[in-house]
Amino acid sequence: MAYSIESQVSVAVPTANDISLRRSVIKSNIISFGNKSWASNFSFDLKSRNAQKRNQYVVCMSVQQASKSKVGVSPLELETEKEPPLNLFKSKEPHIATIVSVERLVSAKAPGETCHIVIDHGGNVPYWEGQSYGVIPPGENPKKPGSPHNVRLYSIASTRYGDSFDGKTASLCVRRAVYYDAETGKEDPSKSGICSNFLCNSKPGDKVQITGPSGKIMLLPEDNPNANHIMIATGTGVAPFRGYLRRMFMEDVTFKFHGLAWLFLGVANSDSLLYDDEFAKYLKDYPDQFRYNRALSREQKNKLGGKMYVQDKIEEYSDEIFKLLDEGAHIYFCGLRGMMPGIQDTLKRVAEQRGENWDEKLSQLKKNKQWHVEVY
């Protein structure tokens, strides 16, 4: 939910196919962490969008794309639990985890910075897709002298196996919160977001206090592998959906997905798109199971000539969306709290145009547990 990189962590994973990688530059090929040493078998500039394969391994970066051949994961014991882990660590006794990598996700013309942050929890803070971690930034709470800062919640942007597929890491998608003086137009560091800046400024090896995991409303229902899932995200609200999609299309797990996954992502412009290469690859490899629609408010126009927001995309495809909902599809919303009024108004207007009562329909969706909302 709710960045220049000095180094990146890479994990060598055997696979039979090439994996295209997101734009970035790897600056170091070996990183040691604890008693582990991970070495890449590649040397490449990811900005070229091409990697030269030197042997049977590929490097799985934190924002890699999936190959058609799914990736093996471990430990498979993470598949056997019947209930999600909840609140294993609380604010009074948080788990001390370690930053593995911090990677800038957005390009130059994006308004603001968003980072992909990989955290090593050593397998001690397991979670399920759709849950959140709490982060306690270092320092003293200015409103409560002598007390630590309050916990900030962040949706987890990886599957339970993490980006290294070993069940020992979790990834967060964090936008750096900065504030500008209304009169001068200059950034006011005194009002910067404490936790987001701490995370985005972190270096590999830094310690971070985490709590959780928490949340059940956004858990991916897996009882019906043929179910359809409609995901609506703005900005970093895409985090849980990245986890869903990696589980559906990237990892070789016991959950064998046969339904439709449909992602709507709203951001300011093309440079602000998050995990776009991953999603585009799923679209290429699974065209019958994945749909992906982008709403770029500063680059696209809606049918009235105004800015294009996710609710405009929802209206554009409303007939299909309502049909899927009537057939039992799940619909998820994640992002800034301000996204929901516009979406609700659009859904209500569309329902009325179809001769339906939206309030009754929404009540039924909630009763059927098809309606999932996490906003902040």
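Going from the start of the chain as shown, residues are counted 1 onward.
Quick reminder: no glycine exception, Cβ is built from N, Cα and C everywhere.
Since the structure is predicted, the reported quantities are computational estimates derived from the model, not experimental observations.
What TrEMBL annotates here:
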DOMAIN    92-220  domain 'FAD-binding FR-type'
BINDING   Ser155, Arg175, Thr236, Ser297, Arg298, Lys307, Gly335, Leu336, Glu374  NADP(+) binding site
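A map of TrEMBL features onto the structure.
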residue : record               : CB count, 10 Å
Ser155  : NADP(+) binding site : 27
Thr236  : NADP(+) binding site : 25
Arg298  : NADP(+) binding site : 14
Gly335  : NADP(+) binding site : 27
Glu374  : NADP(+) binding site : 19
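Mean pLDDT, taken over the domain 'FAD-binding FR-type' (92-220), works out to 94 on the 0 to 100 scale.
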